[in-house]
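Pulled these features from Swiss-Prot for this protein:
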- 41-48, 142-146, 211-214: GTP binding site (BINDING)
- 31-304: domain 'Dynamin-type G' (DOMAIN)
- 535-621: domain 'GED' (DOMAIN)
- 41-48: region 'G1 motif' (REGION)
- 142-145: region 'G3 motif' (REGION)
- 211-214: region 'G4 motif' (REGION)
- 243-246: region 'G5 motif' (REGION)
């Protein structure tokens, strides 16, 4: 890199790249995408040679798949005279590298450990850090070369495995794809470029690198120039062309420094490609310069979005952690207090739920909306039953009159007929009332179970204990409530109300009847010689009393249900759960945490820690 570039970017380039490297080393990439340059290419495209030329170290070479894991290559430019430094890290392993010649061996060892000895691949990242005066400030991610055909020892779908791994990286909007293509193949047929175009049709984050210009067939040189000039397959970021060490030069032990000089001479002296050198589109040093500028620009462009993503992830992680709670402490005394707090919070929420007050835990459960709806249905049932009763009593009154009328003269009300018909109607309401009780009892049980699940997430034994108590209390209280309802209906079979109440109801019913038919018609009916007047009078009495009885039942049945199935349920649950705290021998068993919940909480705490660290890095930047 030239001095002007170094001076201009000395305070800007390294901090930018270091920031992203630091975020990646924190593991933030598990949570969100980071700006990166991913290097992709078909097998034998010259990808490894380009990376070697940029990094100054030998990387695994050979036939078939040599890059078997994503390799993060972090290059840090040192001042002249400072010593070369290397470090490789993967999974929980970290190792310093003293000699550049050991790099290839260390990468192979890492790949064997992560992807197995042989030709398999792995998604796990190997990080290689190189510090030297001869490297640019740059971080690249090298991905396996695209294999078209599986060779011996490889799975049949190796090609698809590699493509899936490559897509995982290049599909992210934060990734620049560095596509390596040999000059001696038809660029339109290269798999790597096709894949880049699939995820980046406009080529806005794709940079093409042409390799092996010395192997171009005579007469096709101008096609190569046209490609680099962006006239064949357009990429917004354009193309570069480089000439790296070939196999012959490697065998002859040509150093990378000498190879760079030979590359420069090759382009300067080439009849067709010299224009590309003059325009700054050729050689490894120019490529390094462009890549550094592209990466820094890309990082700066991505930072605002990155900050937003980190804030969103932090908020999301905090919310998730709140759901899982803090987990039980280690100290035995503190564990007891933890259990007391947990059980007390649950029982208080149960009481609040039964009284319609807001719950301390913030859980959104509302049993009263269900009760109001169901009690409304019960009242509607009473009204509809009354309407049906009114429609059929005329015929029934006549039948009862014939059956039960004794020595009375016409026009006298038969109280026995009245009583039998009232009791018959009330008996028909008992079954629906008990059914309504069971429906509401089941709905309340479900709400309490939801509250228990929310309160005791991650503590299966504590949850099981609460569920067992809820089921038992439900059975007992439902049975008690049913008994009380049936007693209520037995009492309703005693035909009684205050005289004033009955008189008022009778007057109301008569007034309604008067409004429904003309006065003359009423008079003619009342004073008719047959017993129709008696029937009309009887119907008025029946309607009047049913109205009183149904008003009592409309309130009394819901009150019994609400008291026993909800209010007493919550109180009994509170007593029994608090009683659990007296059983000291069960404390450890009750606080036994679900393994999955514990590990999930630990993962979330780790995620929160790295996101907060990442935020602090961005704030300090």
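For all residues, glycine too, the Cβ spot is worked out from N, Cα and C.
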If you count the C-beta atoms lying within 10 Å of each candidate's C-beta, which of the binding-site residues 41, 213 ends up with the smallest number?
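Relative to the other binding-site residues in 41, 213, 213 has the fewest Cβ atoms within 10 Å.
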According to DSSP, does residue 41 (GTP binding site) sit in a helix, a strand, or coil?
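DSSP assigns residue 41 (GTP binding site) to strand.
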Report the same-chain neighbours of residue 44 (GTP binding site): residues 6+ apart in sequence with Cβ closer than 8 Å to its Cβ, ordered by sequence.
145, 182
Which of 41-48, 211-214, 243-246 has the most Cβ pairs closer than 8 Å to the region 'G3 motif' (142-145)?
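By the under-8 Å Cβ criterion, the region 'G3 motif' (142-145) pairs most with 41-48.
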Could you give me the DSSP helix, strand and coil counts for the region 'G5 motif' (243-246)?
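Helix (H, G, I), strand (E, B), coil: 0 helix, 0 strand, 4 coil.
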Could you tell me the mean pLDDT over the domain 'Dynamin-type G' (31-304), as a whole number?
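Its mean pLDDT is 88.
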Taking every protein chain shown into account, which of the binding-site residues 143, 146 has the largest tally of Cβ atoms within 10 Å of its Cβ?
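Compared across 143, 146, the most Cβ atoms within 10 Å surround 143.
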So what's near the region 'G5 motif' (243-246) in sequence-distant terms, Cβ-Cβ under 8 Å and 6+ beyond its ends?
46, 49-50, 52-53, 211-214, 254, 256, 259, 262-263, 266-267, 283-284
